[in-house]
Amino acid sequence: MSSIKIECIASEGYGIGESPVWDAKESALLYVDITGRKVCCWSSVTKQVQAVSVDAPVSSVALRKSGDYVITLGTRFAALNWKEQLVTTIAHVDKDKPNNRFNDGKVDPAGRYFAGTMAEEIRPAVLERHQGSLYTLFTDLSVVKHFDQVDISNGLDWSLDHKTFFYIDSLSYSVDAFDYDLQTGKIGNRRSIYKLEKEESIPDGMCIDTEGKLWVACYDGGRVLRLDPETGKRLQTVKLPVDKTTSCCFGGKDYSEMYVTSASVGMDKEWLSRQPQAGGVFKITGLGVKGVPPHPFAG
């Protein structure tokens, strides 16, 4: 094993840092601060962070084939023009649930944007249950709802052969798999492939590597797990210097670096003094595996 190195690249102390995605064109990491209502961009060239403020909790960001980005904002799918700092609504969901917001989202290999909702939290991981749903924004800008009764819609990704969709509803403490039809975007045959152990805490964001293994960030668990979706076994645990790890992605020139976001919301002064990097963004090198470039939204 090469030696693993972890460094904090952005120590802004975000409320809920989330949805890291590598933008190869800009050699930069995009991510959001949900409670801070900001879309952020860390340049690997200048090592500086730029941010665009938005008018609602922003929970995920994705690349767009035609340029710029798409985001999930409140209960809207929206387009973000970075230079003009302009947000345009594409579609609205959960209109009958004013207390809901989107959470994690990601684009599938065919260019569709998958994202799910949840009720606003009273405190971290405490919320009205079964209020969320999983949606897809298709490339013609229509929206399909897959299922409801979700607690905290979270990590998502697709197998390398595009035949399996992986998904996390955090409070089920499970990483699930579905059969996936790339032609239609339909999912079915849901099953659990990994149940988290107590000290691993709450499964949050997720990504896949080029060996087809899943990496899952554990909220309140201060770690990222590497799982084998075929055997349901945990292969590796990488511990971070903060408890509230939220999501992960691969990036860098050859996608051999892992980026991990974290949260600081709900932490008191004493906790924060022990973890001054809470809410920071971390870069992990030396994992010895590479990731898959993100798919851009094709609509």
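Placement of Cβ uses the backbone N, Cα and C atoms for every residue, glycine included.
Nobody curates TrEMBL annotations by hand; they come from automatic prediction.
It should be emphasised that the depicted structure is a prediction, and the values quoted were computed from it without experimental measurement.
Among the features that TrEMBL reports, active site, proton donor/acceptor is placed at Asp204. Annotated divalent metal cation binding site per TrEMBL: Glu18, Asn154, Asp204, in sequence order. For Arg101, Asn103, Glu121, the entry in TrEMBL reads substrate binding site. Summarising the annotation, TrEMBL assigns domain 'SMP-30/Gluconolactonase/LRE-like region' to 16-264.
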Around the Cβ of Asn154 (divalent metal cation binding site), how many other Cβ atoms lie within 10 Å? Please give the count over every shown protein chain.
29
Using C-alpha atoms, which one of the binding-site residues Glu18, Arg101, Glu121 comes nearest to the residue listed as 'active site, proton donor/acceptor'?
Glu18
Can you count the other CB atoms that lie within 10 A of the CB of Asn103 (substrate binding site)?
26
Beyond the site residues Arg101, Asn103, Glu121: chain residues whose C-beta lies within 8 Å of the centroid, for substrate:
Ile34, Pro57, Ser59, Asn100, Phe102, Thr117, Met118, Ala119, Glu120, Leu127, Ile152
Go through the binding-site residues Arg101, Asn103, Glu121 and tell me which ones have a CA within 10 A of the CA of Glu18 (divalent metal cation binding site).
Asn103
Distance check, please: Cα of Asn103 (substrate binding site) against Cα of Asn154 (divalent metal cation binding site), rounded to an integer number of angstrom.
6
If you count the C-beta atoms lying within 10 Å of each candidate's C-beta, which of the recorded positions Glu18, Glu121, Asp204 ends up with the smallest number?
Glu121
Can you name every residue in this chain, apart from Glu18, Asn154, Asp204, with its Cβ inside 8 Å of the center of the Cβ atoms of the recorded divalent metal cation site?
Ser19, Asn103, Asp104, Ile152, Gly155, Ile168, Ser170, Gly205, Ala217, Tyr219, Thr246, Ser247
